Amino acid sequence: MGGAASTIAAKLAFFPPEPSYQVDLDEPTQKLKLLGVPQSDKGDVSILQTKRGHYIFAVFVRNKGATLTLLYSHGNAADIGQMFQFFIELSDRLHVNVMGYDYAGYGRSNGEPSEQNTYADIEAVYKCLKEIYEVKEEDIILYGQSIGSGPTLELATKLPQIRGLILQSAILSGLRVMYRIKYSLWLDIYKNIDKIPYVSCPILVIHGIEDEVVDISHGKKLWELSKMKYEPLWVNGGNHCDLQVFPQFFTHLKKFITSMERQSDFKTVELEESIIDLNYTLDITNDIKCRPSIEEIEKSRISTEQKEIIAIRPSTDRKLKPRISVDKREKPRKSMDYFGKSRISTDQAERGRNSIDRFGDMMRSVALCNIDCLRQTLSQED
């Protein structure tokens, strides 16, 4: 029953946009690069294999002399191509390295988005930071925006030595975006309200007072439940996706980063083997020869999607209403020049909804990051 509820929630909660970038191999350097993204040469692109069998894309923006690294989990309706300039801005203004990634089913990552898949995704990125970029756990700050607060808090509960945690426009849980409920229900997703008391690092909460998507009460409750509270930032006049235009946004972030840089005393806590399982195979190295081949990724993508297409054809589908995206009906995705065959996305097929339409409306409200707002923010910054 729990598995079925999780599947339903995933269909209603995630809205991957049409990919904003393509990936190609730079022949002279033998490194992957983003195509169609301004200043893409400032980021190192990696393909990571998750323990759930997906290949996801990540980008690492390096800042020379930085001592801390942000592991950034973006909001809904966005991908690393759209977020890339913001990653650069974070790196430049805060003097940190930034690692961003796309969840399964987002951008050029294959598979389908789901709560459990996002947990596997962020674990793969964390392992990459440790093994490939040799970033220590105590030098990592986890940063979760909107729905990205889900995988961020899940990982934070398992890593007691991380330097800090930033939650921007975060949610208490999926259901709580729409309803005021006292107890967590079995069909809910991203139960951040139940996890945050177990995070053992300083926590910065940022939320817009005028947030119309995720009410500020979410941010205030998360801050209240934090064990190690840092001075929060409640942005007067700030909505859900425009916080970057307010001067105090980067000022407060810089203050937090500076405070984290000054910390030197960390309690050594031995991790139990059962806390986090990162002992799966990760086919990534600085040598391009060890990356999965394009054919492997394409076969994995098509195989996954064919199974999912078959799985969503019960006879009851004809009784259900067609799925409508938050912004518009999803268009067929364009093929990648380098990856060959066109991507067949099951998200773009019209799907039925069952009788829990009210729950669907709630999850739709977790559009969580209107990328148009972010674009407007960046243009204003320019």
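Cβ atoms are placed via backbone N, Cα and C, with glycine included.
Annotated domain 'Serine aminopeptidase S33' per TrEMBL: 70-173, in sequence order.
For the domain 'Serine aminopeptidase S33' (70-173), the model gives a mean pLDDT of 97.
Under DSSP, residues within the domain 'Serine aminopeptidase S33' (70-173) fall into helix, strand and coil as 46 helix, 20 strand, 38 coil.
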